[in-house]
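Feature list (source: Swiss-Prot):
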TRANSMEM  10-30  transmembrane segment
TRANSMEM  54-74  transmembrane segment
TRANSMEM  99-119  transmembrane segment
TRANSMEM  120-140  transmembrane segment
TRANSMEM  149-169  transmembrane segment
TRANSMEM  186-206  transmembrane segment
TRANSMEM  223-243  transmembrane segment
TRANSMEM  258-278  transmembrane segment
TRANSMEM  300-320  transmembrane segment
TRANSMEM  322-342  transmembrane segment
TRANSMEM  343-363  transmembrane segment
TRANSMEM  371-391  transmembrane segment
């Protein structure tokens, strides 16, 4: 017979697996639709019209029209496409289900149109809202927080293709003063994360790792080099942190989301022309292209890092629906490659991984997630001790510093209760 503790853990196992599978399927469907639309906008249409897909007029035109389209969705859809991601953490309160259709449409348009944001925040919002709404009907005795945790764990597993990230994140958020052992509380979330990751793996495998030269043995000087790289990435990220609320306030003085997002899309188009097609979209596929292109110089990597960081700030400040983690990883890769080109004596594995650690730490203020992203992009077990050590001064630098988030005006609710 099972111990009562084991039976308690098993109670939410079936709902956890169902939520994990559903979280992954929602992500897969959204990404597939966005991919089809992206192919139409950036491959078939310009080919049919006889226009180069990387021509300035096409890049500016598509991104401007994308901004206008997203603005129309936010303006006229019920619930106004959910809360503004610039004002929200990755895992937030559930929104009314009525806001979800508009949010999904706005996300798909942004992903396909080349906006420099990832899918993580809107997908998380959708999955949490559905899990809470459906779970409250089927199992009303389970509180909303439990459904929120299961949905967010399933989404994290689906996004990254592994339950490891969820285990790391929730090991700190669930480690309270309760007498219930930590792994008892992690059991159901990890079931959801594993189900989400396995379901994603049936359809495609998220490819984060980069073909970077293997790092052999850690030296004492490497720790200093890594800490300096992380500090440079943090400094770049804090510039974005300073700019975001100010640009957000300036853009939203216009009040009309169609105008705000249209202007935001136009600015993103100009940035895309300067940075080229590799600086567009969420950044995961593009960072693979960036590493594969041997023609890039130090100045090219620097330009890509600056353009992508600026595009991330503009997209978030304008109100596009999307997440900031994936484009931040692109910025980290560009910074790391730039620093390696500038100082070849420092291995690229160190510069890239430590730059990712620093910039993701600025964006998320989550040490485990930052370590995870650095470790999966540059998969090398020799780097893990170095990354853990470099995390310490990086965390000290950010202690008490503002987060990459806009404080919501007090008179505005987080979302429309319609």
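Glycine is treated like the rest: Cβ placed from N, Cα and C.
Same-chain neighbours of the transmembrane segment (322-342): 85, 90, 107, 110-111, 115-122, 124, 208, 210, 229, 232-233, 236-237, 282-284, 286-287, 290-291, 296-298, 301-302, 304-305, 308-309, 311-312, 315-316, 348, 351-360, 362-364, 369, 373-374, 377, 404, counting only residues six or more beyond its ends whose CB sits under 8 Å from a CB of the stretch. Listed as Cβ neighbours of the transmembrane segment (149-169) (distance under 8 Å, sequence separation of 6 or more from its ends, same chain) are residues 12, 15-16, 19-24, 27-28, 90-91, 119-120, 123-124, 127-128, 130-132, 186, 188-190, 192-197, 199-201, 205-206, 208, 366, 368-369, 371-372, 376. Ranked by Cβ pairs under 8 Å to the transmembrane segment (300-320), the stretches 10-30, 54-74, 120-140 are led by 54-74. The stretch from 10-30, 54-74, 99-119, 258-278, 371-391 that makes the most Cβ contacts under 8 Å with the transmembrane segment (223-243) is 371-391. Between the transmembrane segment (99-119) and the listed ranges 54-74, 186-206, 258-278, 371-391, the one holding the most Cβ pairs under 8 Å is 54-74. Outside the transmembrane segment (371-391) by six or more residues, the chain places 160, 162, 164-165, 168, 208-210, 212, 214-218, 222-223, 226-227, 230, 287, 325, 329, 332-333, 349-350, 352-354, 356-357, 360-361 with a CB less than 8 A from a CB of the stretch.
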